[in-house]
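Novice: The annotation domain 'Ketosynthase family 3 (KS3)' is assigned in Swiss-Prot to 112-536. Here Swiss-Prot flags 283, 418, 458 as active site, for beta-ketoacyl synthase activity, drawing on sequence analysis. Under the heading region 'Disordered', Swiss-Prot lists 538-563, 1113-1152, 1854-1873. According to Swiss-Prot, the feature compositional bias 'Basic and acidic residues' maps to 540-553. The domain 'Malonyl-CoA:ACP transacylase (MAT)' annotation in Swiss-Prot covers 644-962. Residues or ranges marked as domain 'PKS/mFAS DH' by Swiss-Prot: 1012-1289. Feature annotation from Swiss-Prot assigns region 'C-terminal hotdog fold' to 1151-1289. Annotation comment: Swiss-Prot describes 1494-1671 as domain 'Ketoreductase (KR)'. The domain 'Carrier' annotation in Swiss-Prot covers 1777-1852.
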């Protein structure tokens, strides 16, 4: 572009467009300068150097810009204007001949104008982190003095003699223990540089940020402002303490601790351009800095000023020096002005104040905290000594400050004195105050005197600023806090010489009709004195109350941001905590302040929430890494090329603008304007149409829908613009071009309204004579097919690479449709009855030319891209003829999008009430290979309110679009009130603070600090051999990323960490070393709690320079005699080897890529559990027997710069070997055990390219380089060795069996406000009263169905309330009746199609014992068992709630429905959820001894388990008399053999045939037990199964299962109660887990558990044992298939061996628990399972770590529309494979296969283990995955996986193209409505019964 052309474009463009044009020029020139393709994506606000444009590249950039602009730019231009934004501003000024900005003050300043304090920040002793924290400390009278820090390596000893050399008289003062911690990444400071930065500088950076935010100013908004910096510092010894310069730190050490750089660093980091001064006047530094800042402001040198000071002591020399001078108090406390004052206390702290001229603060609306009325600074001069204070000088500085303020002494109420607590200094200061402020005061109004130093000690350079903050807070609270430690006033002062009194108690500080005033003094040890006078700020005007919400609360945006994902999560957590603390301000004010005063950083999120509770819940989820609904989250990239796109028809829906019209004035006014412009051409009201008012025409008329859509689209664009989002281009599809032209300024509103109204009216002539069809195929293929119909069918629109619309004659279209279907091309009709964009339009051409004549197009203010031509268009050509062509010609939308992409537009915002163009844009962008393309939809169908719009704005914002959030608060404004800017929590300034290491001030005494995360220190050995001992500690607290490395559920420190430590030790000893050999001897196990201490011993060199090494560990809390565990031995050799050069092409030619989808779930199945920190493997290729890979260090692994190679990244490179080992290798869990020839060439890599070459089944070599091909690491040989879970569990001490009990744990509701009860149905005799709108009561479901038949609305929730069992009722009879009722009700609910989307909640009272001492109702407990099983068959559709208060049942259900748990109890209003927890077990025989002469009655004792238990009673417990009651009797040979075996053991065994549930039989058996051998115990093992899906269950089938288990238990309890003997009942885990298909069995066992619990509650002995699975197959488990066994194993419950089961039987009796659940646990499976594979009850048993790891093999596919969108975005040739993978994954999960590839795609379901239950489970899973309601006949209709996947494809993508734009046609129904599901006349029971017989055998 030539110079005059640039100038012309700039002269006519708006300011934002000018800036954008010049940024594009700079980005293109930068790309040329760096020899890179395309414009360089430079961030306008970041320095060129930080973005790679430095050195020669900066010079080339200047040359390119000079050539492009014709400007003679100086060689220093990139340094003078160091960011792209600044340089663009400079170029704009030069090109438009604008004068340079002012360099000095703006106008005359008032020489004595007061200075406002508008912001404050501090960090002080006592863990004070804010001004509020300081106020709490002084108001509470807290003493913040504590002991010396232990981590600074201070070896100085305490000695009471002040003359004892080298010692200190005290080891107490006020410290900032975490002073070294720093969020370096937040300030874009590298780890290497951060190590060198003095902690004082770090604290100033963080505290300045907080002070600016405290002023309600976005810190980033001050970049380039004339803000001054005035900070006080007095120490600079930190840099000298860094004896070893860490890697990456050379060149920073000097400036890192120079005091002068502290102010410069602040200015540089924040972009301040006012004066920057560092002040060192010792203890008065910060007050002098404040005085200088005020002067600079008054002179106009700056507009804002940062003033303050900081002190952190790197060495203890100050204590030694002042001990010699007798200036320190022995106890470290300043006793200011007290008779027993004994010296000062050297403390630490930082205080920062933000100052502004008072007039400016008021003009800018900044809150004024206090006013600086006057200040003065002077010097002692030639006083009594260099360091001695001088009273007259102090009097002079006070009088100068008073004169400067224009005040008398009596007008100042209080002074926070220097008050250091010295015997000399305090009396001198007190006399000076008496001689000044003590004179001329009214009676009864003394000067009140105190000192902050009495609380926190002397914070030295920060003391004055801290005192100011204290007094400002005291003014604001109206209280003068007391000074501590004053026993009585010092006698060295004549207190009668003036009216001054000490603040020995806190005092109210009334204003008395005038502002409160106070002064602060600071005196430097060198004689520089400072005094500042503060005045209370004028009260802020009272604001009107927030307007009351008129109905539903309006949503608000809550934006947060951070540097990095961890920083963002930390910010979300802080904000959630702040809101949870309950600030009283309105939510709108809080959100407004957050949106307008906080910096917007790169990692962003926005929570859209209607109330505070919702905001807290979503922020909490965000902090935990979850992204729920109405939460946008992304990492921003620059997005200044943004296009507004406007669709044709198809996006409309009734009510699409109503909510926005009521909320946003901008939108409402735009609609009104459109309505006025349309009125002359229509006979209907736009507003009434949009609101759907009675009498208004509907949207099915083309002459209504097109003008209405036009108005909505234009108004949406106006609304987006009000949010500060301006388009750099516009494009419209068909009639959408009319709206685009209006928004671009190319048509007046009147002309645009005329075009859309008259053209749509003309279209009605064509109705009934045409049609349109969407086709999913490339344009060329479609055109070839259409050739046979000539002009009868035309291509109407090309929407994407494989998405077209054709139009024409109805008959020809029908033939074309059939032809496409015959070719296998998906095509479908669009419901319109005319053919726009076809020859039919010619019939209305003349009409249009006539009616649209007079249109006056004009030049656009925004570039207009025509979809008629597919190119940018001069909009003066948008005449009448253009709008006819727009209707007649093919819509070239695909071409237009490609041109927009080519021109650099990466963001597309769709201005429509429902997204129509977005899918096509995404498809085109993907095919075009465009990166970072963002598409945002404004609204969605039936989501047309502020929540949806704000979510759309949030999506744009988080991805990098600049947004002004002010319009978001329009619904929260009233004429009298706008949202206020509030002061938010000061803790939310920075993200994650970590400790840059190793500042040697924090190393252990006597050791050299090692800058390594694993090896903290080293000490040379004194044996003369040249050896070194390295030490370090490991724990999850210090190395949290190790929690993500678990093998078989045991935390194992990866071998790569040991190698890394060995390499670093070698480098420390020899400068550069190769690890010649390392053999791992034992795994290094990391405990969940506590610390492991490691030692790495490196011997001296031998004759060849080699050194032996040994690595050992033991727990840190181990006793002195506890041995160390040796983990590795090896050899270090000198030198690092020579890396192989010439890496060659990448990936290597011929390499075949391996799909890594789900790879970490696959590894988890082998026992290798890698959490996020270790999930670094990104791509993998196979080349013959070699593997090539790319790996990247995840953010969660922490810093990389201090490692040679981060162990997590090193380990990730080895994951390839586990995933794709050499051919023939067995699939075992292998870990590295030997290394040889390991050399490191480059330190700190975060990305690797590596090649693994297998040299055997268990050995390999590795070479790794960085992405530029530079060598990083090589491994000569790595040996792998299989490891077993048992071995690791032995090492870690974890168990494989467990005794569990059911606990009820309190859980906070996810939505504390509870759900809306509107429309709920309350069914049954136990239902609480319900009145509309909170639901309606129904006698039963039949009554509800009758209302539905009459047209009533379908309820969202049905509550089925089961009545409580009446007192005195037989519990089994009650249970049977309740179960029959519940079964019938659930079956009715499931069979009613109209209730398919309704949730069923079964409500009981007292069914579960949820609190200690409670006794459950066995009848209702049985109902819980049945419903638990039903939940497994109808996942996420049925809930269980138990309450203790019928009157609060509705509240209980409301709380539980949103609790996120399928089962819940509500007790005293608290929500409780069930979890299984471990019970302490005892070894050996447990419980009371079995009486040798007593009789044991056993039911079910002849089954497999029964015989096992009976034999155990005889052989282990010595039982000698047994009666076995069996329904089958003892006639079989097998039973006779068993009895004979027992007889041989000396037992007397009687087998009785009979039914234990028959009371007559049972009474007869009991009566037959002889008195000399009375009944001693009852063991109830009997049971029966009758499995089947719930729909096929009947009351009779239930009864068959209930009788032998539940009814028999009731009779046994009833008839043995008087005997008071133990009842040992065998129940099943199914009673609480509720497996699908076992409703009756689950109910029976739940009844038994509750019955025994009630029995125990009445004082009778007994225990119910709810067994998991036994390995020995019994009558209850013998029918289990292999599939059943796999599925059970997937839950983490493994079969018990006989020995384990019998041991648990004994232990269960000894626990004292009434109900226990003995089972075997496969901890690996338990922790590996996906959430839907592990029942919620068992999730509490999973190991704590790795909490974030990948789960077991499931089908981790996106659900619903996400899957459909993913399918649409997948190339046509890959879609079948994608869906088949989803289907096979879910089938594998249902059948319990670890690998989905085990599912053959064409094998019939009947051959792979499907029965009716598994058919139902697969239907449920696929229904959830697709978001569609699938028929129960799914498996029958589609008999193998391949057929099923084909069916799902047609369901998800009936037309795989994006939702077609019917350019001027009628609206198309939603895609979901297009799906025609198969209808079947059979009942569900008949279908399932058929599947059982056909597929289940």
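Yeah, the Cβs are placed from backbone N, Cα and C, and that goes for glycine too.
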Novice: Who are the long-range neighbours of the region 'Disordered' (1113-1152) in its own chain, taking Cβ under 8 Å and residues 6 or more past its ends?
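Specialist: For the region 'Disordered' (1113-1152), the sequence-distant neighbours (Cβ-Cβ under 8 Å, at least 6 residues beyond its ends) are 1033-1034, 1058, 1062, 1065-1066, 1069-1070, 1072-1084, 1087, 1090-1095, 1098, 1101, 1104-1107, 1179, 1181-1183, 1188, 1235, 1237, 1239-1241, 1249, 1251, 1263, 1265, 1269, 1271, 1274.
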Novice: Restricting to the domain 'Carrier' (1777-1852), report the mean pLDDT as a whole number.
Specialist: 77
Novice: May I ask for the distance between residue 458 (active site, for beta-ketoacyl synthase activity) and residue 418 (active site, for beta-ketoacyl synthase activity), taken between their Cα atoms and rounded to an integer number of Å?
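Specialist: If we compare the Cα positions of residue 458 (active site, for beta-ketoacyl synthase activity) and residue 418 (active site, for beta-ketoacyl synthase activity), the gap is 9 Å.
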Novice: Same-chain residues six or more away whose CB lies under 8 A from the CB of residue 418 (active site, for beta-ketoacyl synthase activity)?
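Specialist: In sequence order, the residues whose Cβ lies under 8 Å from that of residue 418 (active site, for beta-ketoacyl synthase activity) (at least 6 apart) are 283, 425, 429, 451, 453, 463, 521, 522, 523.
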Novice: List the helix, strand and coil residue totals of the region 'Disordered' (1113-1152) as derived from DSSP.
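Specialist: Grouping H, G, I as helix and E, B as strand yields 0 helix, 14 strand, 26 coil.
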Novice: In the three-state scheme derived from DSSP, which category covers residue 458 (active site, for beta-ketoacyl synthase activity)?
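Specialist: Once the DSSP labels are grouped into three classes, residue 458 (active site, for beta-ketoacyl synthase activity) ends up as strand.
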Novice: Out of 283, 458, which of the active-site residues has the smallest number of neighbouring Cβ atoms within 10 Å?
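Specialist: Among the active-site residues 283, 458, the sparsest Cβ neighbourhood within 10 Å belongs to 283.
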Novice: Looking only at the domain 'Carrier' (1777-1852), what are its DSSP counts of helix, strand and coil residues?
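Specialist: Its residues divide into 52 helix, 0 strand, 24 coil.
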